[in-house]
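Report on the structure given below.
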């Protein structure tokens, strides 16, 4: 077995706060834990690039966990084997690179730069002639390589320093990463085998066996609340930055779910929001009780969890100075389901907008009618549609429907599709019956993407697909086109 040692670290730069990590595993083969000491965690590397006679390596590193900030940065390491052959390991967070190369010109410069450092180290530690794996190109370090590089990131999380990171395996699947599983608390989406505390993950051209302690897993579980998982690419987005990015995934640009409060903050000018009917709550009209939890208890639970009284917020505000009536559904409250209170609040909003001659916006995010209220929830479809009929046809006012993911069931079948202008968000899931319901009922497979906004837009179901960063300006232009102007412009026109 050949032993490899990190000779020196070329650069030390201050840690980039927002970083991404891409393990380029193409040059690495299987990684297995074959160390004689079971209490010591090692990383063995097979199949180095362009080396047929290499079997594996036992890698030690130059610093402890406390120096993780220096490790996760733009650093280059010199690696030498027992024969004196040298390799450079380049680790660049900014450009998502982790490479191993044999560049002699670079290595000569590197060895020259650290010649004095090695001499100083030898004087302090003495010559280790008795070690058959020690030569003039190497020096021992006081720390061993504790784990795979993901464990380093794991330790970094334990230091409670906030980072915005993406962890991409060689197969570009976040589920293959140990830190992904630790943060998300779920299993890899690819096939994996778990035996005791050992995990084996299959990546492109490599096998990873990671020995992990239960303490590490328990520690990382504590940080799950710091991250939001993308529904599309399964990447991790740092929650602190996500709101400023309008809940759009940094890795793939997918539009993640937003709370009703965040949407109001996105669309309505600061200081102009005036909510309506905040004290209206459900009273369990049909006394629905399930074996798991009574309906009233579920309502109370969601009220505590979301801080809302119901699955919709309604009110009056200004959008770029234009007075508007707006209702925003919240999927976090019982899946945005439409019960009698939701229907009543939306109906009152429409009637108020009709009386005050205001444009109307309803942002839809719902699983449909609320089954716990039976036929009363179904009647909300007819009630809201009737109010919209008076608003649109009799009052000749302007209603914009915004469909977000997901919009299904009774909401799709009623006011969701009644807008004068219907706008959908990118990648929004929009349907009457969901995919699972259709497949279980008809025993047929629903084609992938057939209920996505882009596919339905091609079929003429919507007028526009508008990203979140453009939505407010698009709505403002639509209102001006329909003779709804900001208050200051309107008053100047009257004068």
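Glycine is treated like the rest: Cβ placed from N, Cα and C.
As the structure is a computational prediction, the values presented were derived from the model and not from experiment.
Matching 207-229, 230-252, 253-275, 276-298 against Swiss-Prot, the residues noted as zinc finger span 230-252. Among the residue ranges 165-186, 187-208, 319-340, 341-362, the one that Swiss-Prot annotates as region 'Disordered' is 187-208. Secondary structure of the zinc finger (230-252) per DSSP, as helix, strand and coil residue counts: 7 helix, 4 strand, 12 coil. Sparsest Cβ environment among the binding-site residues 230, 233, 249, 252 (other Cβ atoms counted within 10 Å): 252. Same-chain neighbours of the Zn(2+) site beyond 230, 233, 249, 252, judged by a C-beta within 8 angstroms of the site's C-beta center, are, in sequence order, 231, 232, 234, 235, 237, 250, 251, 253, 254.
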